[in-house]
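As written in TrEMBL, here are the features:
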type	residues	note
DOMAIN	100-392	domain 'SAM-dependent MTase RsmB/NOP-type'
BINDING	D233, D260, D281	S-adenosyl-L-methionine binding site
ACT_SITE	C334	active site, nucleophile
Amino acid sequence: MTPAARVQTSIELLDAIIESARSKGAPADRILAEWFRNNRFAGSKDRRAIRELVFSAIRACGPVPESGRAAMLRLAEVDDSILPLFDGSNYGPDSVRDDEVAADGGVAPEWLARLLEKSDIGEAEADALLGRAPLDLRVNTLKADRATISLPTEAVKTDAPHGLRLEPGTHVEQWPEWREGKIEVQDTGSQLACLAVDAQPGETVIDLCAGGGGKTLALAAAMDNLGKLVASDTDRNRLSRLAPRAERAGATNIETRLLDPKREMEALADLGGQADAVLIDAPCSGTGTWRRNPEARWRLDEGELARLTSLQAEIFDLATNLVKPGGRLVFVTCSLLDEEGADQFEAFLSRHQEFSAQEVTLPVGRPRGNGIRLTPYHDGTDGFFIARAARSC
Ligand SMILES: C[S@@+](CC[C@H](N)C(=O)[O-])C[C@H]1O[C@@H](n2cnc3c(N)ncnc32)[C@H](O)[C@@H]1O
């Protein structure tokens, strides 16, 4: 494909992605994968270039653009190589008309940009939020050790005790070390969130919103497979991914429980007041993960944010039934909005006087309210809020 044809194809793909973001349809990744499957004439270089163009254009537009062409013209404002390709050539984009306007830039749609600013996410933080994420690994201490593991490419140590960092795009899933469960792909921020749980061998620990079990596996390793580790979630699909992962990782103390939304306690009744630690890795807007998923900015709206914050409060209240006196509750969101972080935790503490905030010490991060905030700019991790509370009685 010519460079101009790649730009035109990216414009058409962006049209589909914009439409899908508006109707909450398939994500950009799936739309691209399907196009690549159906258009075999596009070779690997074309695919790489188109992917790069599409995601750079998504990153360059704060609000949802009017069209793929407006999005590409916005990218042309920050990348000089693009505009000359609007040359009207065969398969290329038409020349730019005098009255054409580019889509708006910025970090996010205006309402969301305002909330980020209110949460003290300044320009440098916002820029880093739209950068490229590295590929972080956690060495699984049930099977290996960071000090001695040998990998096919060079990896640098991260701030997490078992963390390693690789070039993005490394296909670790093809490595024997991955197939043998010696390494897991996990962002440093996620690894540090697990560290805040301080799960010990022999304890009863509940990973209440376990999803596919990324954090559950780290907790199993911290517990050295000793004690009871319950992984629960309301999403059957996500939870079903945990068993094969646990098998590969050699994690043997995990029990999964599928929860019924609004009746979660039914499947957890026997654990009432039993847990030494409960991790709430709460469903959230994911504003801290835009490096991996920049299109998420176009899918969030005020109604969805309100739904998420009230669900977080409900899950908090649910979790209080599970923690035993003297036990701890760890609240985590991959969001940089105070509504889903410091404010949510503060509101929880004022609703539940039997809990008090406990200091969390992590190698990176800065205090935010009664917890810690990690950001891509400051800490090189995804954005996270992490806080811990102890139950007195
Ligand atoms: C941030 S994700 C969890 C990611 C996971 N802990 C990991 O490390 O891979 C939040 C999860 O909360 C789950 N969830 C939503 N509502 C819930 C509820 N009422 N009770 C428990 N889990 C819930 C979602 O299905 C989703 O899997």
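Placement of Cβ uses the backbone N, Cα and C atoms for every residue, glycine included.
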Inter-residue C-alpha distance, the residue listed as 'active site, nucleophile' and D260 (S-adenosyl-L-methionine binding site) (nearest angstrom): 24
Chain-internal residues near D281 (S-adenosyl-L-methionine binding site), provided their CB is under 8 angstroms and they sit 6+ positions away: A193, D207, L208, C209, A210, G211, K215, V332, T333
Mean predicted confidence [pLDDT] for the domain 'SAM-dependent MTase RsmB/NOP-type' (100-392): 97
Number of other Cβ atoms within 10 Å of the Cβ of D233 (S-adenosyl-L-methionine binding site) across all protein chains: 25
Neighbour tally for D260 (S-adenosyl-L-methionine binding site), based on other Cβ positions within 10 Å of its Cβ: 10
C-beta crowding around the residue listed as 'active site, nucleophile', within 10 angstroms: 25
Per DSSP, three-state class assigned to the residue listed as 'active site, nucleophile': coil
Cα-Cα distance maximum in Å, computed over every pair in D233, D260, D281 that the record assigns to S-adenosyl-L-methionine: 17
